[in-house]
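Peer 1: To start, I am sharing the structure in question, which I have written as structure tokens.
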């Protein structure tokens, strides 16, 4: 049946020869999408959706309404991991190194200060023109009197931030937020040989947790501290201790904000992290710096061999470095409050004394 509709090609005839011809690409070429592009677009869209959900949760918390735990499914975690956060974090790191014109520094930093509530009165240098690039601004030092070290308590907070969880390690599980746990052994990795540890031989136990308790009657505790983008980004030694070993886990760089920590089980085991272990007066002690989106760079001041957020890595791999066997020392002694390392943006610190 003829519908009286002319073919598309007849609409562009030489009836008006002075007009330009319309050139169209083949349909297959226009709609050719690579799997990588689909993953990035889908994962990025989903990450944006999660940000919106996090914002709603924050509003509920401000009202004092208890937020029920709703864990992500495997496909949701896989979808989130499809976002190239490591690549984006490296790009962000390079952008941070770009020197800003003097006239542009104050407007850019002022916007950041307003957005994240940065208190520049605590900064050692308050003049915004002093910071040549974003990286220098993020890693700004504080005035000596801004964070006095407590002389009364044996353990202090290693950084600025919000305590997401604190308590005793039970059944080899650690809470990243209330009701959401991760495996202690997966987080720290296999136990280090006693030859590399500074403290005495640990008693043989039935669990990984028991093997770390080196003094009878002691228990392991944990503290999870979230550093927001507006916080001071350096971290300090939380106590007097000796660092014997460093273990670096390459991994994902998913967000570690409280909303995501409540959503993804074993989030800290998925993400890139640097685990420092050693001993203090009560036995085993560890401090772990966990990477996050745009925080692929983790720096430990006394460890020049540490390089984080490499372009490629093997899933589930890790690399060890002993400060005893490699340097022929008794480990790295750290004093309470001493500068230990820094992030390039907000992230998370986990201590397990």
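Note that Cβ sites are derived from N, Cα and C of the backbone, with glycine treated the same way.
In TrEMBL, annotation is done automatically, which means it is predicted and not curated.
Note that this is a predicted model, so its numbers are computed, not measured.
Sequence annotations record features per position, and here TrEMBL assigns active site, schiff-base intermediate with substrate to 347. Residues or ranges marked as pyruvic acid (Ser) in TrEMBL: 347. The topological domain 'Mitochondrial matrix' annotation in TrEMBL covers 1-32. The topological domain 'Mitochondrial intermembrane' annotation in TrEMBL covers 52-353.
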Peer 1: Take the topological domain 'Mitochondrial matrix' (1-32) and average the pLDDT across it for me.
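Peer 2: Summarising the topological domain 'Mitochondrial matrix' (1-32) by its mean pLDDT gives 44.
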Peer 1: Near the Cβ of residue 347 (active site, schiff-base intermediate with substrate), how many other Cβ atoms are there if near means within 10 Å?
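Peer 2: Here the count is 34.
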